[in-house]
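So that you can see what the record holds, here are the features copied from Swiss-Prot:
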{"type": "BINDING", "residues": "Asp9, Val10, His11, His35, Ser36, Asp57, Ile58, Gly59, Arg143", "note": "4-CDP-2-C-methyl-D-erythritol 2-phosphate binding site"}
{"type": "BINDING", "residues": "Asp9, His11, His43", "note": "divalent metal cation binding site"}
{"type": "SITE", "residues": "His35", "note": "site 'Transition state stabilizer'"}
{"type": "SITE", "residues": "Thr134", "note": "site 'Transition state stabilizer'"}
Amino acid sequence: MFRIGQGYDVHQLVEGRPLILGGVDIPHDKGLLGHSDADALLHAITDALLGAAALGDIGRHFPDTAAEFKGADSRALLREAAARVRAAGWRPVNVDSTLIAQRPKLAPHIDAMRANIAADLGLDVGAVNVKGKTNEKLGYLGRCEAIEAQAVCLLAQA
């Protein structure tokens, strides 16, 4: 048996924060605002995994009201979510994701993101895809006010 999950996240870009996407620290004049490290890509993937296993969402497992998750490393949250998915009888098969950001250019960092995600999920890097897109200068994404992430994953019964 297989299950598909879909995840989404968006965070505002602000000065004075690091920009971390896919567990990679990306040089930029702004970073993402959030309770944790605000890694929108890993949050979307975490939601996709939890959703596919019918385990709710990232906010249910790692609430932004909990002090223990203040400044949390989203890679640690992804690994914990994957452990909970496995405990529920499922295993990740693949992940496909999209980052939407007008700036910075993400292509130079995609391979490192894929490697981090694959390592955290126990997958071959060939089972993880990350695409970078712009919003063609339209809307809040096009004005560089935020970065958005979308993800889908496939789980197989363990």
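For all residues, glycine too, the Cβ spot is worked out from N, Cα and C.
Reduced to three states, the DSSP call for His43 (divalent metal cation binding site) is helix.
A 10 Å cutoff on Cβ-Cβ distances gives His35 (site 'Transition state stabilizer') a total of 15 other Cβ atoms nearby, all chains included.
Residues near His43 (divalent metal cation binding site) in space but far in sequence (CB under 8 A, at least 6 apart, same chain), listed by position: Gly7, Asp9, Ser36, Ile58, Ser74, Leu77, Ala149.
Taking the Cα atom of each, Thr134 (site 'Transition state stabilizer') and His35 (site 'Transition state stabilizer') are about 25 angstrom apart. Burial estimate for the recorded positions (Ser36, Thr134): highest at Ser36, by number of other CB atoms within 10 Å.
In the three-state DSSP assignment, the secondary structure recorded for Ile58 (4-CDP-2-C-methyl-D-erythritol 2-phosphate binding site) is helix.
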